[in-house]
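**Q** One structure coming up, written as structure tokens, with questions to follow.
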């Protein structure tokens, strides 16, 4: 199968090789001695980094947080994308194509830039949004609690990515044969009935793909909470698994532990993706 | 005429620098490669203001060394970039390392000690306050650029208009803070020191705390101590009674621009930033020593940069010659201060007059801000040492400060968890802790 060679070459160089390097790194530790002024030397520690990662409450805690985030974010994201797509497709919305573009537009903004935009929108005294929320809720603005932090981050990520899923769903809807929809209408189904009983089941495949992509993307959450942490006291430096890995490598100078954590995390993501693919077959 | 002066100076000093380079290469003993024909090219990484101008001035002043400048966006990116480029084998020859980060960078093995000649020059030309922070473990690791003494910038016009004296002690600071709030409920004396790990450290340094001590091949870490807690209680009180601003940075900037902020505590480097950020307040600001706890003049370090040769550099002599030019020659300092973009207080006292001549002090009403900075520098307690887990400490502080902002824990209680993180990190890295 020589036509597959380019794929395996790229896959090998950019996926397998880095994974192998991470596996290699995860077996070593940089150790100084005395006051540390002599620099560090690399020591083989076997699986020591894995035991230290798996017993680190911060690392395990970051999975708890990403789990709660996924439970909140994924249904909301997929639900919002479906509602928007079905509305656009129903012809109820005026200027469907234009709206499609509007929804997609944030998707071209890099996550980092989006986080900076929302950073300002989350800053009391500067943001009009904060004033509106305070006015509506009657309570003070605070992103200190876990639910508030999760909502603050999910708001940014949904704003960013919902347009992508809308495009996928919209394309899938176009593939539904017109006669099926006509038949439903002739049988007396209204817009809502058509959407729920015909359109939704017929784009199940696209929804499954979108859920899978959203799970993988959501678990790798990094740039948004990293930046928003300066406005959301509820977000600490090891809030998500990726933030933990970053913290270990670049703040604590512990590449061995960072590599071990990254590998454990990769296994978990792999398992979650597998689970999602299995679920699609049911 | 202004265009001719630097040019003339530059040509005049070209000879001086070549002499310096020749002198250095004559005494060298430990590296090959620098004495070969043709100019040596070295790289220099920094985020400091005017660095590019300094490099240009150096390059046009001599023919033996070509410096290529690499910019890093900010201090916070600098150390990650340095560590990563070192792993990748692309580290610059000359790195910028702030005093607080020097032990941390050393513990990662990123630097090489200065040669004997360079170490001797540092010992001879720099004051103890700077040397204490760059001479570690029996070696000298870098040339200090500035002393970055902590000082109080204040709005002289507002203090004069209301006949209020600038506070010289923290007790007076609190009192004046109340007066200011009474005079103008929309104004405050300044921003809290409790949201910035750097300011917290400076305040503790000034108060006489010693967070790190290196003794007998082991570190003593004492971040959670009585002095620190006492200082924290004062900081808490100022915030609790709404006597200082406790907003996010962007809003603090707006308030300062609107004239609602009477004072600002910062390092002497801030003299270069204020005129750019608050251009229309020119002539209104002055500088004084920071309020002290005892009534005796006392300051602290607040940042401050040094230049070091990286472990991977193959051109130690050339790197040292360039660093020495930047930190110990009139031309090097003049190039940095030129145009007022930087207000560094040279750590080398002989060069202070040079900076003073070149820096435009009209923003400070012509005040001799260098005299104040020198006074402050002389009042920095010399016992302070930074520890080898600076980035971990910084992050631990930021996480804890977020909790303080959210009202979950009082400031005085965060130091125990910061200390725990620091000791945990040191132990993980095999560094001895008592």
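Here the Cβ of each residue, glycine as well, is placed from N, Cα and C on the backbone.
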**Q** Which residue range, A:203-223, A:224-244, is the one TrEMBL calls transmembrane segment?
**A** A:203-223
**Q** May I ask which of the stretches A:59-89, A:101-121, A:203-223, A:255-276 has the most CB pairs under 8 A with the transmembrane segment (A:141-173)?
**A** A:59-89
**Q** Which sequence-distant residues neighbour the transmembrane segment (A:203-223)? Criterion: at least 6 residues beyond either end, Cβ under 8 Å.
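**A** Result: 66, 69-70, 73-74, 77-78, 81-82, 111-112, 115, 153, 157, 161, 165, 168-169, 171-173, 176, 240-243, 246, 265, 268-269, 272-273, 276-277, 279-280.
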